[in-house]
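Notes follow once the structure below has been shown.
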Amino acid sequence: MTEFDFIRKYLQNQQQDHQVVLGIGDDAAIIRPQAEYDLCFSADMLLKNRHFFENVAPEDLAWKVLAVNLSDMAAMGAQPRWALLSAGLPELNEDWLRRFCNSLFDLAQRFGVTLIGGDTTRGDLVFNVTIVGELPQGKSLRRDAAQVGDDIWVSGKIGLAASALNCLLKQCDLPSEVFQLCEAELLRPMPRVRLGQAILNFAHAAQDVSDGLAQDIDHILTASNVGAEIWADEIPTLPQLKKVLPRKEWLQYTLAGGDDYELVFTAPKNCREALLIAAQNSNTPITCIGKITDSGCLQVINSMADRMEIALTSLGFDHFG
Ligand code: ADP
Ligand code: MG
């Protein structure tokens, strides 16, 4: 199979999208933007042995390559619409590529995303997706919009992916049924696209949790020039995980693990009820884990009862740290 067979057979001929004036097959794609919408752009790259193991199933890899980008759209409150996929591939293995593409298009269709282009070259296994979304004009969930007094909310459960990864790296032990629940989150995170749009009218600041909850909250604090207090025991977790892990490891993976692809956002107190309804309508649980303060820094409190402050040695993942 040649590069061009691959493009023709597996990437072209997707569903109709009336805003795609020209899709895959020319030198570039053409999109016709809708009136009264802003376009929202992001890119995320996944490298072998850094973001995924070499022996990962192509279905899981494709899912993650697109899901991490959908998660960025979710964190902006945007509707993801179009994606470009650049791939470095050591070989064109037709079976592997068919499985990869089936999974990629499955996820893309669930969220209304059309693949409009990309690039394919021979090389070490690497993927980059550039994603384009739509936002109602003037609206967005930015990092610099948190206000003192806001509640801090997080979606889903935090720390499962990091627990699975640390188990695979032999840094901790998990019973197999707990490991399996955590590994599912590591391999196939569910981007919170519907939640992001549902909170667009209520939330102040938001971002997705990709590099560790504490570090990602810290990004909001820095951008918004505020502080925060979060309560470790309020952070939603898998109850069995909290039971089997030593407290130190549980805190480490939950506060500084990463790869969760949940949303963390701030919103005024008077929006609590509206947010809980929005969360229910988007089938995504949300939990209040703290509040924005004027302290200028992030304070992690062990529990609301003991009010003991936890010193964080490492906030999260830094590729150059
Ligand atoms: P060029 O020579 O201009 O780079 P290519 O021959 O690489 O063009 O690509 C032909 C068409 O296939 C283009 O529309 C390009 O966007 C698309 N394409 C190539 N690789 C991919 C890919 N991995 N995913 C999606 N579209 C791709
Ligand atoms: Mg090319």
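Using the three backbone atoms N, Cα and C, a Cβ is placed for every residue, glycine included.
Residues or ranges marked as Mg(2+) 4 binding site by TrEMBL: Asp27, Ser42, Asp72. Its Cβ placed at the centre, Ser42 (Mg(2+) 4 binding site) has 19 other Cβ atoms within 10 Å.
Positions annotated as Mg(2+) 3 binding site by TrEMBL: Asp27, Asp72, Asp208. Counting only same-chain residues at least 6 apart in sequence, those with a Cβ under 8 Å from the Cβ of Asp72 (Mg(2+) 4 binding site) are Ser42, Asp44, Ile131, Asp208. According to DSSP, Asp72 (Mg(2+) 4 binding site) sits within a helical segment.
DSSP assigns Asp119 (Mg(2+) 1 binding site) to a strand. Feature annotation from TrEMBL assigns Mg(2+) 1 binding site to Asp44, Asp119.
Residues annotated as Mg(2+) 2 binding site in TrEMBL: Asp44, Asp72.
According to TrEMBL, the feature substrate binding site maps to His51, Asp259, Phe317. Counting Cβ atoms from all protein chains shown, Asp259 (substrate binding site) has 21 others lying within 10 Å of its own Cβ.
Annotation source TrEMBL lists ATP binding site at Gly118, Asp119, Arg143, Ser210. Around the Cβ of Ser210 (ATP binding site), the number of neighbouring Cβ atoms within 10 Å comes to 22.
If you look up TrEMBL, you'll see Asp211 marked as Mg(2+) 5 binding site. When other Cβ atoms within 10 Å of the Cβ of Asp211 (Mg(2+) 5 binding site) are tallied across all protein chains shown, the result is 21.
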If you draw a 10 Å sphere around the Cβ of Asp27 (Mg(2+) 4 binding site), how many other Cβ atoms fall inside it, taking every protein chain shown into account?
6
Taking Cα atoms as reference points, rank the binding-site residues His51, Gly118, Arg143 by distance from Asp211 (Mg(2+) 5 binding site) and give the first.
His51
So what sits near Gly118 (ATP binding site) in its own chain, CB-to-CB under 8 Å and at least six residues off in sequence?
Leu11, Ile24, Leu84, Leu85, Ser86, Ala87
Return the single residue from the binding-site residues list (Asp44, Asp119, Asp208) that has the minimum number of other CB atoms within 10 Å.
Asp119
Three states by DSSP: which one describes Asp211 (Mg(2+) 5 binding site)?
coil
Reduce the DSSP letter at Arg143 (ATP binding site) to three states and note it down.
helix
With respect to ligand 2, which members of the binding-site residues Asp27, His51, Asp72, Gly118, Asp119, Ser210 satisfy a Cβ distance under 6 angstroms to one of its atoms?
Asp119
